[in-house]
Amino acid sequence: MKNYKRGGGMEELEGKKISEYNYEIEFIQIIKIFIYSFIGIIVFFIPIRLDGETKTLIYHIANKVQNQLMVLLQICIICFTAMGCFKSILEYKRQNTNKLYVYIRFFSILILINLFFGKQSCFFIKDNTALLIKTVILDLATVLPISAIFMPFLLEYGLMDIVEAYFQVKMKKIFKLSGKTIINILIYIFTDCFCGIFMTNKLYKDGKIRANEASILSLNFSIMSFSMINYISNELNLNKLQLVIIGALILVLSNIILCRIRPLSKVKKSYFIKTSYKETRFRKNKFNNAINKYLKNRCDKNIFNHMIQSFEESVKIIMYIIPDIVIVLFLGDMIINSKLLIPNLVQLLSNAIKVLKLSGINQVSSIIVYGFFNDIIAIDMVDKSIEYSTRLLIGLIMILKCTSLSSQILYIKESQISINMKQIFIIYIEKILIIMCIYLIMHYFYIGYIM
């Protein structure tokens, strides 16, 4: 009996040590949640004034890289573009890609070499298209990889679970989205659509959000970032605060409608892969329950491994998407300046939306057509002398339309998000009509009852 009691005492002592050891591990993990989440929030969402400019750290780092390592960056872009083109040749049969288009993508290498080290206007009718391509490619090649490096601080260490615990019920009821997607929406607003879709695709691939949620995020919430809102308000001479407030209201109302009608309402609600991860709704003790959920499902992978893996994913995306952007903008430059197709489309659209009795209807139609191709080119087409209400509507359309052939659509095509071009086009038309209708209701209400 004495031996038995002694053995029982040893087991109790060992159990106590294991319990203390587990407590220490959990305590360390909880400290990590706060430290890593704080780092992610600071890097992505807190504007900091450096060198006379107020931007988030992501953009400060990107600017430093572009200013101090420009030649090396340009060489890397050309090399990665070439690698992407060669890789697409090896994979075109498996991906069911048009063989002719695969070989046309090689032309993008020549265009980039000319843009970076030759005469920019050699391949383009207008110099502003060459400048646009150069700016877009340089920003994509710096902002996306830098964002990808720091994104694990937001995704992998409990912040998503905490946000989901507090916003799950409201987001599901209003937008048919998981509560955690608020962080993804903020990424769209504070960085750009490429970083936003990168996070959306990553959440979808990891089994954290459903197919319909990935489609809603990439097509309804990939709105313009704050930097682009500043650009539009300055170019169109709009009141920035008014633009943001009205835009936020229309964003909420339009997305309440869009997520409940076809084609988004018919997108499958399945996950990309099956995992042990489950959405949860906590009625009370939300913070503690969210922490416990993270501790239960956490991955033991080191933060540096997460960062390297995320960076590698961003480089692979860049390899495939840069040739597409260059070719689309190159072909678009010829089509836009041919004066054949685009003016006819603008006139056709003007006739179709006359029923709304808009002022400056040709300008609005022009923005809708050109905006589907590229945002910057569309803004350059606006007559700045038109009345303020029309300029405000144009600004709202540009901010909220969330669809551009030279940005979101190209990225979605390379991602795992299951939505086709036909659905994208239908959603674009629906969104434009809803934005215009809501704006006109607000405008006429203001004229009739407030003025």
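Every residue gets a Cβ built from N, Cα and C, even glycine.
TrEMBL annotations: computationally assigned, not manually curated.
Copied from TrEMBL, the annotated features are:
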| type | residues | note |
| --- | --- | --- |
| TRANSMEM | 27-48 | transmembrane segment |
| TRANSMEM | 69-90 | transmembrane segment |
| TRANSMEM | 102-119 | transmembrane segment |
| TRANSMEM | 131-155 | transmembrane segment |
| TRANSMEM | 181-199 | transmembrane segment |
| TRANSMEM | 211-229 | transmembrane segment |
| TRANSMEM | 241-261 | transmembrane segment |
| TRANSMEM | 317-336 | transmembrane segment |
| TRANSMEM | 392-412 | transmembrane segment |
| TRANSMEM | 424-447 | transmembrane segment |
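Taking every listed stretch (69-90, 211-229, 317-336, 392-412, 424-447) in turn, the largest tally of C-beta pairs under 8 A with the transmembrane segment (102-119) is reached by 69-90. The transmembrane segment (27-48) shares more Cβ pairs under 8 Å with 181-199 than with any other stretch in the list 69-90, 181-199, 317-336, 424-447.
Taking pairs at least six residues apart, the transmembrane segment (181-199) and the transmembrane segment (392-412) share three or more Cβ pairs below 8 Å and count as touching.
Contact between the transmembrane segment (131-155) and the transmembrane segment (317-336) is supported: at least 3 Cβ pairs lie under 8 Å, counting only residues 6 or more apart in sequence.
By the Cβ criterion (distance under 8 Å, sequence gap of 6 or more), the transmembrane segment (424-447) is not counted as touching the transmembrane segment (69-90), fewer than 3 such pairs being found.
Panel annotation: around the transmembrane segment (69-90), residues 97, 102-103, 105-106, 108-109, 112-113, 116-117, 137-138, 141-142, 315, 318-320, 322-323, 326 of the same chain, lying at least six beyond its termini, place a Cβ under 8 Å from a Cβ of the stretch. Through the fold, the transmembrane segment (211-229) approaches residues 55, 59, 175-178, 181, 184-185, 188-193, 196-197, 200-201, 203-204, 240, 243-244, 247, 251, 254-255, 258-259, 264, 267-272, 375, 398-400, 402-403, 408, 412, 415, 417-419, 423-424, 427, 431 of its own chain, all at least 6 residues removed from its boundaries and within a Cβ separation under 8 Å. Packing against the transmembrane segment (241-261) from elsewhere in the chain are residues 174-177, 216, 220-221, 223, 229, 232-233, 392, 395-396, 399-400, 427, 430-431, 434-435, 438-439, 442: each is 6 or more residues past its ends and has a CB under 8 Å from a CB in it. Here the transmembrane segment (317-336) has Cβ contacts under 8 Å with residues 77, 80-81, 83-85, 87-88, 104-109, 111-112, 123-126, 129, 132-133, 136-137, 140-141, 144-145, 194, 198, 342, 370, 373-374, 377, 405-407, 410-411, 413-414 of the same chain, all six or more residues outside its ends. A Cβ distance under 8 Å defines the sequence-distant neighbours of the transmembrane segment (392-412), meaning residues of its chain 6+ beyond its ends; these are 136, 193-194, 197-198, 218-224, 228-229, 232-233, 236, 238, 242-243, 246-247, 250-251, 254, 317, 321, 324-325, 328-329, 332, 358, 363-364, 367-368, 371-375, 378-379, 382, 419, 421, 424, 427-428, 431-432, 435-436, 439.
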